[in-house]
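Q: Please see the structure below; I have some questions.
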Amino acid sequence: MSNYIIETEKLTKKYGARRVVHQVDLKVKKGEIYGFLGPNGAGKTTTIKMLLGLARPTKGSIHIFGKDMKKDKLAVLKKIGSLVEYPSYYGHLTAYENLEAVRILLDAPKSRIDEVLSIVRLTRDAKRPVKGFSLGMKQRLGIATALLGNPELLILDEPTNGLDPSGIIEIRELLKSMPKEHGITIVVSSHLLSEIDQMATQVGIISKGEMIFQDSIETLRKRSSSKIKLTVNDAQSAWRNLMSNGFKTDVVQNQLFVDSVTDEKIAEIVSSLVKNDYSIYRVEEEKKSLEEIFLELTGGEGSL
Amino acid sequence: MGRLFQSEFLKLRKSLIWLLIFVSPILSLFLGLLESNEITNVKGAEWMTTLSMMTISHAILFLPLLAGVFSSFVCRYEHAGGGWKQLLAMPVSRGSIYVAKLLVVAALIAATQLLFVVCLLFIGWVKGYPSVIPWDSIAISIVGGWVACLPLIALQMFVSVAWSSFAAPLALNVILTIPNMLIINSEKFGPYYPWAQPFLAMMPNSSEGFGALNVSLVTLLIVILGSLGLFLSSGFVYFKRKEV
Amino acid sequence: MGRIMASEMLKIKRKMILFLIFLGPIGVVALEACNFGLRYDYLTKVYKDDLWGGLINEASLLSIPTILIGLTIITSMIANIEHQTNAWKQLLALPISKTKVYTGKALLAFLLLILSCVVLAGGIIVLGLLLKFGVNIPFLYLLKMCFFPFLASLPFLALQIWLAITMKNQAIPLTVGIMGTIISMYSMNFPNWVPWKWPLLVNDLEKAVYSIVASIVIGLLLYLVSHLDFHRKEVR
């Protein structure tokens, strides 16, 4: 048996002829915060629904905690807390009653309700009907519901949607602390790379239904290879000059770019420019942002 | 199963829709009080005459429609707040969720039937009916009406789970219930129309009664239990496979 | 107002509303076709003096509850178009007065139900001709029995459109409407001033005119009050 908490194999979902998820091999290790990233409509929510048994895969298999989701669904779900898309709630019940309706099903101790309410800071509003809640409060209630059963695995689909900046930070810190303090594994989806960047340890990027990247966040960052940017007085002529001397550069908006090369090479380029009487204003290192890598991976689809 | 039922009950209690269980018995109570004044009761059959009178207002339209309203309602708050995906991601089998919802509705209908009896007794008390109450016949009528509602609940639960709109299952229910007004009068077709069964099962002294029941054995087995089996199993299979 | 109606008509597309508007009267006529088809000899004997009148009366027995429940469902569906997608805030932010928005919805429901009554009248004529009741059709009586019950239901139309539009939870208006229909069915012995009795037209026809006038007046009054209430309400 593998040491993955979640392992899918060739997971595929079609709605009619439309392929929403195609051969996704999702692998999540214990104690990770797995950031599931992709533009809107890339298949994130569908994948998550399949993980939770809400939608049936057309093809492929899902193993969670080493158990086949098809056979041991209930045993698996017992150890999962989830929040899918927008939060689920019963508008006519108070926050407390909403949690109670779920607590009864999970057979969790009653004291757990107060615990999760205080974790998401809803203790003060617990006695109000949820239909009067703001989106952020509903979202926090949804997270509280997910935490109710003391899950070993938390699956959250866009959990920071509709939260204000301070709420986002709070949820983020909360999620980050969980693997350390409680040994919980977390899968969190988002269409915002910056979001994932700040909390995830592993990243899976899905685009048009296919997994196009899956590795640690460090590996993703390493891809942000640097370039050297040179600002000179006459970029066009300097570029031609460098070309004739055998240096390969690019010129963009009157600036010269050199792909990641050794320090010696840069020194040679600079001395060549100086020799040919070009004025060098700046020599800078420019890192590709994660956004650019993301756009590159997804083929420029969907803004972030 | 018990826990599911408890959870369903919690969601329902706060919604006030359960208050509807009082409406039909109370309406029947008023009609019973009003009408019995005009009709000279057959000596010794006062209880059954009044029961018949109340059954007309209670069971032709009200009971079948109520079964639909309750079924739609226990699904409404799941549709409205995205509750299905939360509920179905719980470690409870889909089958028991479905059964719990059915049981809640069946319990509400049972409560309506009990209140109906209370109202009947109240009329009898006010009018000074004989102290010998025909419990057997009353019980057969009340329980029979309840059993005859079960297939309707099963079908309405099916469509309520399938359609997120509250009006659509209700419209279907109305379309199927209105023909009652004609069909109950038909000796030939009445026994075969599921929506007419709550009335026929509650109406005392129908000639074709099987044993102690108000409906014939064929009707009971084929129409009531048969349609129950059909609607229940198709709804069940649908819900098992439903994706949210 | 024309543009509002055009937009309302567009919005009910593919919502089954028109389907129900036709299904109601056609269903009533179809049931009567079964009724007369199956019990032809018996019913033609009962109504041998006035075959057309008998058919019309039998049909109105079914059409009255159908109208009451139909208007409940139709108003709810019309209002729910906006509720479902929270479109009120978009609709009311347009440069159109709230009065017109509300009137548009009410008028749409009214016109659709009138259409339903027209279909009912047409259906009865077709059925009567098919049953070979002759060409001596009592048009006046037919029109009265097709349209009066609806006109006598106007207070309920106003009430239902009010409830359906101001409440997001459609279970409430639908339940109230169904309840009203059933109460109306058994209101035979109620005093004449009770509105639930009016659609039954149980007063003789001359008096029925009074209840229709009362119905129209109260319906309009309710419409005015409810439209003021709609004006006052804020969009959530």
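Even glycines carry a Cβ here, placed using N, Cα and C.
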Q: Which of these ranges is annotated transmembrane segment in TrEMBL: C:9-26, C:171-188?
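A: Transmembrane segment, as annotated by TrEMBL, spans C:171-188.
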Q: Can you see whether the transmembrane segment (C:54-79) and the transmembrane segment (C:137-159) are touching - at least 3 CB pairs under 8 angstroms, only pairs 6 or more apart in sequence?
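A: Yes; at least 3 Cβ pairs under 8 Å.
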Q: May I ask for the residues of the chain that lie six or more residues beyond the transmembrane segment (C:208-226) and have a Cβ under 8 Å from a Cβ within it?
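A: Long-range Cβ neighbours of the transmembrane segment (C:208-226): 102, 106, 148, 151-155, 157-159, 161-162, 166, 192, 195, 197-198, 201.
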